[in-house]
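**Q** Would you mind keeping the following structure in view while I ask a few things?
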Ligand code: 2PG
Ligand code: MG
């Protein structure tokens, strides 16, 4: 069995010109895994704490290296548990969620390389608690491949415009093969670009590559996206159109925490100050007018009553997605399941800090029949495509990686193309 020989870490930049870290794990058989970590802007209160990059790098280079050198890289649970125990806090505030995560992911990368497996194959083995290391998927044909959720119009904390809601998304029908789904996202993105320019709007983008026009309301955003879909001519052919509500659907990450003030939700661009019952009706109105199938963080994480009532009334009409509420942590997910608050969950490894805890969370979500959406962060790097492999490994229902533009966003979509074409194609 190979052993961990060396661990090093240094500062690198992310897509928002903020510093993050990159960790390199080397095994004594020569296999190397490297890993950067992403950062969020709209974060849940219970996320693992990220240390400032220089401090995080120092933690990896010293205590974490000393802890893990000569350990077995295939025992991911042992590696993660050692780091969790050394930290000793519920939100990893001593060693930092970013330091711990970079090592946890880099170890899994190095282990996969050592076994000559694709990362998604190795993660699948870990996910299934399978001790036999053999490729699980290669040339297997059909699995539940993750459907991309494209965030093409940005607001909230991800843009400098006046939209309160954070993400406006298009979601291709699940029955469409991944390469076609990606093409659809590209057609709609380019169509929206053209439409905004023709209407005299700025075409600047937000953190996740979606357009960030000024002077929009929620309805204006949804209507404009609808029009952009209607104007698509696939491959320039007059009669080859996309139909909203059939080929593609709409979704929103409201990220309600960012406009929650006191006991109200302030939608400033419409001069509204709503309580949670009024906000539910606001959503109900939108659901009647647009083919919205996905609604993420419709209430802020401590407005449990808001979540409860909305779930009771709307669970049949829309997928109710929890992000800040559960922060990829099985402890918070258990509480949400008990209270019946959501029908789907976001999975962001950096919210919790290790591969093992992320996989536990996914197993729990699936056992409760929840849909799963593996997600990037708004501050991300093109070197990091871990979430693409993770989404395939656990057969997540969806993957969120922003718009089909900007290097750090398309890197994840391109990695999925690589996996699809080379391992799942005909
Ligand atoms: C979200 C994410 C990703 P951030 O809220 O779902 O889209 O944003 O990384 O800023 O938390
Ligand atoms: Mg979110």
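Cβ coordinates come from backbone N, Cα and C, glycine included.
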**Q** Return the residue out of 76, 118, 166 that TrEMBL annotates for the same (2R)-2-phosphoglycerate site as 348, 377, 378, 400.
**A** 166
**Q** Can you match one of 275, 323, 324, 421 to the substrate site that TrEMBL gives for 158, 167, 296, 375, 376, 377, 378, 400?
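**A** Among the candidates, TrEMBL records only 323 at this substrate site.
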**Q** Which one, 253, 263, 360, 369, is listed by TrEMBL in the same Mg(2+) site as 296, 323?
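**A** According to TrEMBL, the candidate sharing the Mg(2+) site with 296, 323 is 253.
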**Q** Please list residues from the chain of residue 208 (active site, proton donor) whose Cβ is under 8 angstroms from its Cβ, counting only those at least six apart in sequence.
**A** 151, 154, 158, 167, 376, 378, 402, 403, 406, 409
**Q** Within 8 Å of the Cβ centre of 158, 167, 296, 323, 375, 376, 377, 378, 400, which other residues of the chain have their Cβ, at the recorded substrate site?
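**A** Leaving out the recorded residues gives 40, 42, 151, 166, 208, 253, 346, 348, 402.
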**Q** For residue 323 (Mg(2+) binding site), list the number of other Cβ atoms lying within 10 Å of its Cβ atom.
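**A** There are 28 of them.
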**Q** Among 166, 253, 323, 348, these being the recorded positions, pick the one whose CA is nearest to that of residue 377 (substrate binding site).
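**A** Its closest listed neighbour, by Cα, is 348.
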